[in-house]
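To start, the structure under review is shown below, and the notes come after it.
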Amino acid sequence: MDNIISRGEIEDRIARGQAIVIYEGLVLNLEKWIKFHPGGDKAIHHMIGRDATDEMKAYHCDETVEIFRKWRIGRIDQEWENFLPPIQGGVFRFLNQQHDSTDLGLSNKWIAPNTSDQFKFIKNEKHMCGEPDVKIYPKIPQGVIPSLNLKEAYEKKVVTDPATVADNYDNELVRQDLETLPDLDPKTQEWLSKEYNKMHNEIIEAGLYQCNYFRYVKELTRIGLLFALSYYLLYHRDQKFWSAFSMGCAWQQLVFIAHDAGHISITHHYQLDNIFGMIIASWVGGLSLGWWKRNHNVHHLITNDPIHDPDIQHLPFFAVSTRLFDNIYSTYYEKFLWFDAFAKKVVPWQNYLYYPMLAFGRFNLYRLSWMHVLLGLGPRRGKAGWFRYFELCGLIFFNYWFFYLLVGCKLQTGWDRFQYIMVSHITTMLVHVQITLSHFAMSTSDLGVGEGFPMRQLRTSMDVDCPRWLDFLHGGLQFQVVHHLFPRLPRHNLRAAQPYVIEFCEKVGIKYSIYGFSKGNGVVLTKLQEIAVQAKTMLECASAMKKEATGEREADEKTYRTKSIKNA
């Protein structure tokens, strides 16, 4: 019989540095497991103090789910109200500091924190699991359930500071979300969770987790033909441009299979899928699957949060939220993302620079991949501990066959080498468009810890409407809403799962966002333009206020000099 653990004791344990997560009413202490977690430490950090039942079931197979139970230290005997995790700025108290009148549970009242030390470095030593080095306050204060009745969550403020301009814009987006989404109270979110799990069970019973391996034979055949065509055009026809283009097309298609393998959605066997994915990503594509998984796992859990989701943290080049104007501290990268002089020049024009910037996206992935492997940012222990060395060998091999043998030895002139590299890499731009298309135009609001898993995924993700015969070109990224709800679902079954999601959305009253590829790109560009306009407005406001202050000082100095002359 499991011990009953009170809310106060759980708060105390988290304050003492334990990684406490709630799963199906069980209290799990993952403090010792976190260093072995194949999905990385950040994914667990964002679930501390929360009921992560839906997330844990969505991202893990049944065998792994059973392993969770070995880490239980007791259970709860009440409906759980989520704490704000330490990594997101949560405050936790020891037992002797707790009082009934100051419970950290969810409330319908606004609790305004003193944010004067926002993003300031914490002087005392860290003691909580995942606690960042700087002080972080969420947009919605700890323990608050935002609603339309709670005007503090979205009201516009009198502009006394340039930053208020951007803050008012973000508040308006929060208001729009509160108007269109179901209530955030615990009962409504619990109902959404139950309906989501009913849908999940229907998808399981329909056999949609069974992978059609013949479809992957077709995918690999197509990719193999593209590589063969690239080789033939270069070595037998001396068609450098079209050879590079074919190479880029093959890489673009490879990314989708690596994505599937990273989610363990092909064989559903952890080691097999990861080995397959690493061969494709590192050895053939020159990218780290481990980097992508660490990044992507956090993205799935805290989708479109400007402070925590690395997939929308692209300063100084892009900003998809005005909150990024604030010199925020990224809890993923563990550093400040400065809205510096360069960003102030680029972001106001980001809707025009969007496609040119994405054309060079693959070069940035090389940088991130090498940093991940060399710095050992992935798991160093457990069943994923050896991946780092396998990927390092893969990255070296890729640089040998592509940059040395093909570019360095086969191509004779500097211009030919430059052209081949640029054409092959710019061709992969399409996949970067497809990735950003799914989320850049969607909600970036912070709606507090009361928001459940299914609602967050639906409001932050977009699907792309395309004919079945074009599914190969999008590689499953056209079903990002479905994928975010069921990350382990085989890619070729996402279309079959789509009707279940549409029916679910109609039942619970959440918009299912889907656009054609052209229309979707237009929506993204419109969002980027809106943020660009806000950046221009804020910067113009700052400039005007500075001039006004300077003008007043000059007028005061002139008056003082005049009086001094008269007195003399």
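Even glycines carry a Cβ here, placed using N, Cα and C.
If you look up Swiss-Prot, you'll see His37, His60 marked as heme binding site, on the strength of sequence analysis. Neighbour count (other Cβ atoms within 10 Å of the Cβ, all protein chains): 18 for His37 (heme binding site).
Tertiary neighbourhood of the motif 'Histidine box-1' (259-263): same-chain residues 273-274, 276-277, 280, 289, 292-293, 296, 475-477, 487-488, 490-491, selected by CB-CB distance under 8 Å and a gap of 6+ residues from either end. Taken from Swiss-Prot, the feature motif 'Histidine box-1' covers 259-263, and the record attributes it to a curator's inference.
In the predicted structure, the motif 'Histidine box-2' (296-300) carries a mean pLDDT of 94. The motif 'Histidine box-2' annotation in Swiss-Prot covers 296-300, and the record cites a curator's inference as its basis.
According to Swiss-Prot, the feature motif 'Histidine box-3' maps to 480-484.
Per Swiss-Prot, transmembrane segment is recorded for 241-261 (among others).
Residues or ranges marked as transmembrane segment in Swiss-Prot: 272-292 (among others).
For 352-377 (among others), the entry in Swiss-Prot reads transmembrane segment.
Long-range neighbours of the transmembrane segment (389-409) within the same chain, counting only residues 6 or more positions beyond its ends whose Cβ lies under 8 Å from a Cβ of the stretch, are 234, 275, 278-279, 281-286, 288-290, 369-370, 373-374, 417, 420-421. Under the heading transmembrane segment, Swiss-Prot lists 389-409 (among others).
Annotated transmembrane segment per Swiss-Prot: 421-441 (among others), in sequence order, evidence recorded as sequence analysis.
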Statement: Row His60 (heme binding site), column other C-beta within 10 angstroms, all chains, value 18
